[in-house]
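Novice: Among the features that Swiss-Prot reports, domain '4Fe-4S ferredoxin-type 1' is placed at 2-32. The annotation [4Fe-4S] cluster 1 binding site is assigned in Swiss-Prot to CYS12, CYS15, CYS18, CYS147 on the grounds of similarity to another entry. Annotation comment: Swiss-Prot describes CYS22, CYS131, CYS134, CYS143 as [4Fe-4S] cluster 2 binding site. Look at Swiss-Prot and you will find 48-79 tagged as domain '4Fe-4S ferredoxin-type 2', backed by sequence analysis. Among the features that Swiss-Prot reports, [4Fe-4S] cluster 3 binding site is placed at CYS58, CYS61, CYS66, CYS99, with the record citing similarity to another entry. Annotated [4Fe-4S] cluster 4 binding site per Swiss-Prot: CYS70, CYS89, CYS92, CYS95, in sequence order. Sequence annotations record features per position, and here Swiss-Prot assigns domain '4Fe-4S ferredoxin-type 3' to 80-109 based on sequence analysis. The domain '4Fe-4S ferredoxin-type 4' annotation in Swiss-Prot covers 124-157.
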Amino acid sequence: MNRFIIADASKCIGCRTCEVACVVSHQENQDCASLTPETFLPRIHVIKGVNISTATVCRQCEDAPCANVCPNGAISRDKGFVHVMQERCIGCKTCVVACPYGAMEVVVRPVIRNSGAGLNVRADKAEANKCDLCNHREDGPACMAACPTHALICVDRNKLEQLSAEKRRRTALMF
């Protein structure tokens with residue numbers, strides 16, 4: 001079973017610290033000072049309602065719809081998470097439509113391309129953007145480490161069984 005992150009809405013205060021930690025974690029220089037509206041592209045999103053806030057993030061589906069519909073095979077399961085190979089992504093947005101959680105998005109990043117005439121030109125490349133569980137970090141997902149209320153938890157098979165057992169116990173004790 002793939003691990004995934006879920007948010008406890010009863011603990012989330014909507015501060016968006018998880019979003020900032022995510023973006024900084026995925027930057028080369030990992031510096032908050034270099035963030036701009038163009039580079040602020042989190043892979044986790046805080047949704048605020050009238051009385052509740054919570055974060056939405058990729059569920060790392062076992063039979064990932066995003067991977068199943070990708071025409072270039074740019075999305076695959078790798079080391080326990082669903083991974084996007086950006087060099088294969090064509091930005092077609094099929095994965096965005098297929099994701100039942102709204103956790104996949106296509107973002108535009110500036111790239112330098114060779115024009116064929118020996119000139120390098122600046123262009124934009126659309127690519128899929130989703131949670132990768134911060135696989136580049138030894139300490140695990142940056143969003144979880146940064147959350148001041150510990151509203152984010154990483155769920156694996158054991159944690160899922162524990163959560164289910166707690167819910168069954170609460171349900172049984174209600175009657």
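Quick reminder: no glycine exception, Cβ is built from N, Cα and C everywhere.
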Novice: Specify the nearest of the binding-site residues CYS12, CYS131, CYS134 to CYS95 ([4Fe-4S] cluster 4 binding site), where nearness means the distance between Cα atoms.
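Specialist: Of all the candidates listed, CYS131 is nearest in space.
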Novice: Measuring Cα to Cα, how many angstrom lie between CYS15 ([4Fe-4S] cluster 1 binding site) and CYS143 ([4Fe-4S] cluster 2 binding site)?
Specialist: 12
Novice: Looking at the binding-site residues CYS12, CYS99, CYS131, CYS143, which has the shortest Cα distance to CYS92 ([4Fe-4S] cluster 4 binding site)?
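Specialist: For CYS92 ([4Fe-4S] cluster 4 binding site), the closest Cα among CYS12, CYS99, CYS131, CYS143 is found at CYS99.
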Novice: Across the domain '4Fe-4S ferredoxin-type 3' (80-109), what does the pLDDT come to on average, as a whole number?
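Specialist: Averaging the confidence scores along the domain '4Fe-4S ferredoxin-type 3' (80-109) gives 94.
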Novice: Which of these binding-site residues is closest to CYS12 ([4Fe-4S] cluster 1 binding site) if you go by CA atoms: CYS22, CYS58, CYS143?
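Specialist: Closest by Cα distance to CYS12 ([4Fe-4S] cluster 1 binding site) among the binding-site residues CYS22, CYS58, CYS143: CYS143.
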Novice: What subset of the binding-site residues CYS61, CYS99, CYS134, CYS143 lies within 10 angstroms of CYS18 ([4Fe-4S] cluster 1 binding site), using C-alpha positions?
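Specialist: CYS143, listed in sequence order.
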Novice: I need the CA-to-CA distance for CYS70 ([4Fe-4S] cluster 4 binding site) versus CYS99 ([4Fe-4S] cluster 3 binding site), whole Å please.
Specialist: 11
Novice: Among the binding-site residues CYS61, CYS66, CYS89, CYS99, which ones place their C-alpha within 10 angstroms of the C-alpha of CYS131 ([4Fe-4S] cluster 2 binding site)?
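Specialist: Cα filter at 10 Å returns nothing.
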Novice: Which of the binding-site residues CYS61, CYS66, CYS99, CYS134, CYS143 has its Cα nearest to the Cα of CYS89 ([4Fe-4S] cluster 4 binding site)?
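Specialist: Answer for the nearest of the binding-site residues: CYS66.
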Novice: In whole Å, how far does the CA atom of CYS58 ([4Fe-4S] cluster 3 binding site) lie from that of CYS134 ([4Fe-4S] cluster 2 binding site)?
Specialist: 12
Novice: What are the non-local neighbours of CYS61 ([4Fe-4S] cluster 3 binding site), defined as same-chain residues 6+ apart in sequence with CB under 8 A from its CB?
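Specialist: Within the chain, CYS61 ([4Fe-4S] cluster 3 binding site) has Cβ neighbours under 8 Å at ASN2, VAL82.
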Novice: Since the record lists CYS15, CYS89, CYS131 as binding-site residues, which of them has the fewest other Cβ atoms within 10 Å of its Cβ?
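Specialist: Among the binding-site residues CYS15, CYS89, CYS131, the sparsest Cβ neighbourhood within 10 Å belongs to CYS15.
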